[in-house]
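Asker: According to TrEMBL:
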COMPBIAS  29-39  compositional bias 'Acidic residues'
COMPBIAS  50-68  compositional bias 'Acidic residues'
DOMAIN    100-358  domain 'BOP1 N-terminal'
REGION    29-70  region 'Disordered'
REPEAT    365-406  repeat 'WD'
REPEAT    665-697  repeat 'WD'
Amino acid sequence: MSELLRCLQFGVKCLFAPQLFNLNNKSLEEDDDLSDSEESVYSGLQDSGSDSDEEEEKGGSDDEDEQDQNEKVLIPLADKLTYGKNDIRNTVGNIPMEWYKDFPHVGYDLDGKKIFKPIRNKDELDDFLEKMENPDYWKTVHDKKTASDIVLSDEQIELVNRLQKGQFGDVNFNEYEPTVEFFSNDVMIHPVTNRPADKRSFIPSLIEKEKVSKLVHAIKMGWIKPRRVQDDSRGRFYDLWANEDSSILAKHKMHLPAPKIPLPGHEESYNPPPEFMFTDEEKALWEQQDPSDRKLPFIPKKYPSLRQVPAFSRFIHERFERCLDLYLCPRQRKMRVNVNPEDLIPKLPKPKDLQPFPTTQALVYRGHSGLVRSISVSPSGQWLVSGSDDGSVRLWEVCSSRCVKTVPVGGAVKSVAWNLNPSLCLVAVAVGSAVLVLSPALADKQVVSSSERLLSAQQEEGPSEGSQPVVWSETEREELNQGIRLKIQHPKAVHQVTWHSKGDYLASVMPDHSSHLQVFIHQLSRRRSQNPFRRNKGLVQAVSFHPIRPYFFVATQRSVRIYNLVKQEMTKKLQANSKWISSIAVHSGGFIFCFDVFVYTDWFGFFLAIRHHKKAVRSVAYHRGYPLFASASDDGSVIVCHGTVYNDLLQNPLIVPVKVLRGHVITHDLGVLDVTFHPTQPWVFSSGADATIRLFT
């Protein structure tokens, strides 16, 4: 709009400068019907020059006598500058072309539509080749308005040379002709004067300027709108299927002709051949079939003559159904995409390229008489601890599957966890409503002494706030001889225990709907416990510390909350699509692997579902060093997957199941209850309901 207004304002200056347009008007008089040509290659200028030719004809006839002298100079140049038949004149007026140097158009027509520039297909290389090959290149002039190349003739080149030398264009013009005295002292009735034109002839009129300003204001306010093209399609109706080859239907590119009715066959004859007649079995089968499943909508019958054939009872009904099909069926051409089904399957790497990962069963640890619900490996990878429903905790040597020590705890063990700090040798055991801290003494003297110093710390006396929900106590005699050093009594049954990576903090979980006392964090060095939550956040199922960062993960039935231990606030909440979350595993890179066949990625913020198990998933685990994770299920299998995470945040991680490990016997509809990886080797341990622990390497 700003460009159009600028053109209108500039047009005021050109209203009273006919000499500026004289050359253009004369050059456009030769071929009047060029501007209306529909076969022009300059398709961008077809809307221009509709009314200008008529005005030029009128103007040329009125001022013919007054401009004889100017025509002597201008007409020869206009006669020589002849254009082709496909030329369409640019009617934007005497407007500087620099205004539209960066635009695809060169002006506007009377309706306010853009007049686009002609398309030039020549680049610099083509221009150079033409310069070298075309002998007339030096006398070729490019017209910016019409985008055409004009080859000057010899006479035109001579005319240009004379003008450049400061000479007159007309050769026959005599500049030394004697002057004619038009002014005399005699009074004449019709005086002839050579007085120059007034100054007001060259200055834009104030009246015209006011009119143009009113037009500009009206265009800005929307009072003047361009002429609308009348839509001839309104009120025009036609039958789609009246004539399939009509010119109207040819305009519809997506039109599909109505399907043709198949021609009648031998089975529709009044005297069909014997092979088309139905037998009794075929007739009974035809009657039992659904009408949509029948190959023929009728039973072929034989008549002695055509005169005795009765009328078809369903004729009107079938014609009505066909009309409905033609009327309601969307007859539109659809582009069929031929896609190979194999291309839709992602290209996964071969498992042998993703080695190492556990493939075979190496050892079986036997000794428990009940369900082995939990196992844990020491940070050195030399020892293994397991807890069972038979009321005992067993310590195993990994390489030999030898039971080193058996500690009776007097109840079913729900969870065991080995301290993650390599400088400590401690094991936490959840038995009933108590958490036992064991010192197995399966390390060198320095590690054992540091563990003893941590356990011998005195309990700090905090401010008394009534009865404490957690009671710390030291064991005596038999329990002390078994290696049980501390006993942390909870108000309710403990289902899970987990260690912090530094080894001083321990978290315990007591699921309960009616109380907010579900999670406790214990500090061994000061022997104090605290409840981090003042409100009930739902039924807590599992908790975990981040291996590196100060984050604490709390998993309820339907969500996972992430808390910042430094800021003491919740940073994020991940809503799960699973019905029940009972186990989580946290990777050092920030990945969370949850129960119920769902993988949640905290770092990237998307969810991936892995459904390889046929029954419920009991436990999940990450490897610390290798890109492996495993899941254990009640179907008696352990599935090991290889995960690849890309630096591109928009690309999903690649998860490839590499091995399905089997060996556990399903007992009482329970399969594998717990799974964990070796800290350094690509080995995986699994414990099942068959009272065994298996090592896969």
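Every residue, even glycine, has its Cβ placed from backbone N, Cα and C.
I'd like these features described in context: how deep, what's nearby, how far apart.
Answerer: For the repeat 'WD' (365-406), the residues of the chain that approach it from at least six positions outside its boundaries are 412-422, 425, 427, 429-430, 438, 440, 442-443, 483, 667, 670, 673-674, 676-681, 685-689, 691-695, judged by C-beta separation under 8 angstroms.
A Cβ distance under 8 Å defines the sequence-distant neighbours of the repeat 'WD' (665-697), meaning residues of its chain 6+ beyond its ends; these are 356-366, 368-381, 384, 386, 388, 390, 396, 398, 401, 615, 618-626, 628, 630-638, 640.
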Asker: So what's the mean pLDDT when you look at the repeat 'WD' (665-697)?
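Answerer: That region's mean pLDDT is 92.
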Asker: Just give the helix, strand and coil counts over the repeat 'WD' (365-406), going by DSSP.
Answerer: 0 helix, 25 strand, 17 coil
Asker: For the repeat 'WD' (665-697), what does DSSP give as the number of helix, strand and coil residues?
Answerer: 0 helix, 18 strand, 15 coil
